[in-house]
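Peer 1: Take this structure first; my questions come after.
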């Protein structure tokens, strides 16, 4: 049973206990059909206003941090509660069963204020349950992030065994390869640049966008060695890259995914990589035809992980759209650069 199923189960159990308790109380102290029907309709409306607040009013307030929006939402729920209660208890019940809740002499102002009082528990309960669940979910996410951070730090330490030794070794291999093969020597230098970039760490975790673009170029050129002249990938960059900063290695998972699971040796269906900067936004689109003969099933840090990373770095400031129709796979990323 996953977390969502557990939550649904707890909600159902809670409402069953609540309804059982209220109906049992009416049964013991005042067993009348009209009393039970009025209690039933009131409880149904209370559940409805609970979930209006739980799913709509309070989440929207959290998203936009707007107290006026919260006040309007609560007022809207109250008015809905009052209108539905009037429709059910003062219009429908008299027509179907011959009784109503309020007497014929009840004034409109009394009806409204009395129902405002009865509407409050459902709204309050919805806010409390939503707040508790949101807080607990945030705590679980924080614990998970701490665990992931510890694992990432451990993995990073493993890569730091002696990076200078690796750089020096690659430079030495370059000196050996240069007289033999220019292509091999250039590939070694590109590999050295890739490793240096991957092991680089900035204080805020961000790098210059130009360096990220250079990394993508080097990655593609090294990958090209496997296919020589049968490697068809188009990489276009539009806009002013200089001066922009992005999280390190934020773009490579999309390219890595396309290369591993796409067709790279078909000139009629090349992999398309487009990076475009417009005003305060960065657009990064990658599309590929899906290969029917995938040999490499790994996904690097994976698109799921990169989405989680973007949630942390760009909360509410990015959009990631993934489309596939069985033949092609497309990813569209939009980041706010300010």
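Placed from the backbone N, Cα and C atoms, the Cβ positions cover glycine too.
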Peer 1: Need the matching range: TrEMBL marks transmembrane segment on one of 44-62, 139-157, and I'd like to know which.
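Peer 2: It is 44-62 that TrEMBL annotates as transmembrane segment.
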Peer 1: Could you tell me which of the ranges 12-29, 174-191 is annotated in TrEMBL as transmembrane segment?
Peer 2: 12-29
Peer 1: Give residue numbers and ranges for long-range contacts of the transmembrane segment (108-132): same chain, 6 or more residues beyond its ends, CB-CB under 8 A.
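Peer 2: Distant contacts of the transmembrane segment (108-132): 42, 45-54, 57-59, 74, 77-78, 81-82, 85-86, 102.
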Peer 1: Within the domain 'Signal transduction histidine kinase internal region' (152-231) only, compute the mean pLDDT.
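Peer 2: Averaged over the domain 'Signal transduction histidine kinase internal region' (152-231), per-residue pLDDT gives 77.
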